[in-house]
Amino acid sequence: HEPNERAYHAFYQILAASEEEKAEIWGGLKGTDFNSFHYVGETDTLKIEGKTDGEKYSMTRDALAVVGVKDDRFKTLMRALCTVLQLGNVDFNTDPSDDEKCVVASEEELGKLSDIMGVDLDEVRSAVTTRTITAGREKYKVPLKADAARDSRNAFAKEIYQQIFDWLVRVINDATSADFNYGDAQDVEEFGIIGLLDIFGFESFKVNRYEQLCINYANEKLQQKYTVDIFRSVQEEYEFEGIELGEVAFADNADVLNLVEGKLGIIAVLNEECVRPNGNDSAFVSKVKSLNKESTCLIAERLHRPTEFAISHYAGKVKYDATHFVEKNTDNLPQDLIDCACRSTNELISTELKAAAEAKAAAPSTGRGRKKGGMTVGTKFRSQLTSLMHNLSTTRTRYIRCIKPNPEKVPEKMNLKTSNEQLLCAGVISAVKVTRSAFPNRLMHNTALERFRCLLPPEATLPDVDEAAAADGGTGLRPAVEAMLDDLLKKMEKKDAAGEVEKGYCCGKTRVYFRLGALEHLESERLAALGVLATEIEKIARGFTARSKFLKLKAAAISSQAFARGNLAKIHFLRAREAEITMACWVRCLFSGRELVRLRRKRAATMVQTCIRILLARAMFQKARRASTLIQKIVRGAVQRPKYRQMIKEAEDEARVNSKIAALQKRLAEAEMKWIQADKKRMEAEKKAEGMVPGVPAAAAAAPQAPAEEEKKDQQSDKALMDESAEMLEYLRKEVFQLRSKNYLLRNDLNQMKESYHSLQAHSASVEASYEALKQHTSYLSQQNKTLTFQSTREKKDFHEVKKALNASRFNYQSEMKKMEQDTNTKALLHKAEVSRLKSELAKERGCTVEELELDIPEQQQEEKKEGEGEAEKKKLSSITRAAFNRDSASFPSVMEGDEDEEGYSGEGYFQRGPRPYMRGGFQNRWGQQRQGWAGGYQQRQGWGGGYQQNRWGQQQQGYSGRGGYGSYSSYGGRGGD
């Protein structure tokens, strides 16, 4: 993958899951991230397809649940993946005492690995740091170096991940297989198969390793089949159409495959170098070059290093660096790690690796005494690829080539160089060369007839078409197509070397095939003919578009004018309403400021009381804790002193008994030495007695009697000593029995002391809990104080801003009122002028003067008319004012109304009755004492702090807010307090 891409998304998804889900999978995942595991590390890819790793984890979990992997089975799978992650954290260092050994760098990481695998810690340590070697019938434990231990660890992680992958593939196949999910599966002889094969992409980097060789080898194998399938499809198509196919040249990569998988190829030489005792990468490259020097695909340049060689693949030249080829080709997973995995409590790991080990052990020999399970990586890859190609040969293959248009992966951008490289590596160019070798272009008969019939002159005629044969896919259209193309491609006819005419096309049963340049000529002619018709179509379309655009502009202009007029009228109305709202807000802000000052004072008094109570409770708690500590010290001393004296006495007795036992042991040792010496003397005397001859004097025979008497005396003294020892041992037994009885009694006393200690400890814990509760309550009150201080500061700031806005609004309102007065005066003058004009016209019609006409109108009627106009103007202004006030009053919260308010917000009328209506019920009285005004019920009777300041803390029955006012029986107080 590219540098900004990543793989193994399952690891990132597990680590991005929620902490609760990670804890359910394994406790070691709690609090971990990408940097916690060496196999993962930090990544710049935070989203894939617009989703984070956490969202992808949920999608993966739900998808696995669909195929039956859920609950405990899902946890087992996730724990197996966590085992692979944890293996990467186990590192090794060289043993300081021996360079041939290694030690685990972190015991903590090894303990986590032991926990997730469910295997004993010592067994895991032995498996990762040593290797069992079998020599004949004997087995030896050989320590590993640090590098070898890391290689074994990585091989073990790869093996576990491979077995997990294979197991998941089997589970998905079983969940989607018709054999297990089809109701009548037993009645079906054989099911059809539709398989999808995601092939490797051809790889060529600056440094190409063993992995690139295997991938490119697989691409060569698949490219060979792809080329053969394309050539076969072209051949079958030409035979079906009845067209003779000449010699077609295509690139054959059989020599590259022979170089890789032949008897003397790269895989064979690499396998031989792996089994050789001193096999190395340089020798492998040298043998490959010497054994395949005749191959045209192997490139050996002088500037190559000893471990470098190049191969000319179908997609281009690739230079490989053979460093670590021998090591990577060897499948060296130690048996110790396999045995350790088989003992794991994770069923997936133990079952799958045990099955793999049994299959490896039961594999038949394949020559040279080696088993199939001991094959190298290259041999396994070749056998799997051969099996895959065999399965593909039994199916009908369809190919889908995916091309990435640009490395940046952005839309509407084509990078020609990278696209051509992908086409070349995918084999598309070679396939196109095969298909274009004889006739580059082809069309169906009906398509050719439809596209190019317009090029014929009007007087040209074509043969009749057999509709039935054409509908059945036969040759019904063939005569018409041949006649049309003979006329259109007359200029492209030429004679070959034999003198025969070679047309620019060849007509088959269902398709017509064009030679090089023929189809391009017809398409250019067709475009020229269509260009003339397109001009006429564009003329009509442009006229229609212009007319439509004009009608739309006309309708839009009318709508814009109407909208502008409406906006002007709306602006005048909104200005008048805003002035009314500003006046109402100013009045509310004035009274709200006074209430805020009162609430601040009450809050400050409450906080002072709270702090005093906290200080008293804290002092009482500290005094009680000091007293309890002193009592505990006195009680423990009184209990332990007698026991200490008794222990001193027992130690003295024990020392006295030990001294006696030591003296007895010394006397026993001396007696035993005397007995041994006497026994030796007796045996020497017996030997001398047996060796005497008949002529010896009697005095010589009587000589040994003296030692015998001494021996008898020694035996008597030994017997006495043994009796005394028996008595001493009996005495010691009694003493031991007494000491055991005392020990039992002391043990009972110790248990009683422990119970007393636990009870005191529980009491101390309860006292500490009470102190913590008081401390938390104090912290809560402090936080509330800070919050209220911040709110009051903010409200003060808002009040100043509102005051400034009010002053500005007052100025604007006065300006608007002046403008309205001027407009009213202007309208009155206009009205007066209009009345004069109407009077003059009426006087002309009646044939009299204006003065005579005015005399005819009664004075009372004129007065009533003037009064009616004045009252209408006043009613209009009053209705506007009342509507604005009612709208604003609706936005007041319900808490401002109170429980004791009898007439609501306006009292006896907020803007009614009298020149100063707002000074009636409510605003003119004392704040919070009336029963009718704006704040009715807000402070009267129990008030906002009813019960909280009068009673003791937590004993009031009416809560923090009392019954009337801010809220009855609030959750802060209630019965019993906080």
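The count begins at 1 with the first shown residue.
Placement of Cβ uses the backbone N, Cα and C atoms for every residue, glycine included.
Because the structure is a prediction, the values reported are computed rather than measured.
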456-488, 654-686, 720-752 - the range that TrEMBL marks as coiled coil:
654-686
Given 17-39, 385-407, 822-844, which one carries TrEMBL's region 'Actin-binding' label?
385-407
Which stretch does TrEMBL mark as region 'Disordered', out of 48-71, 96-119, 696-719?
696-719
DSSP says what for the region 'Actin-binding' (385-407): how many helix, strand, coil residues?
9 helix, 0 strand, 14 coil
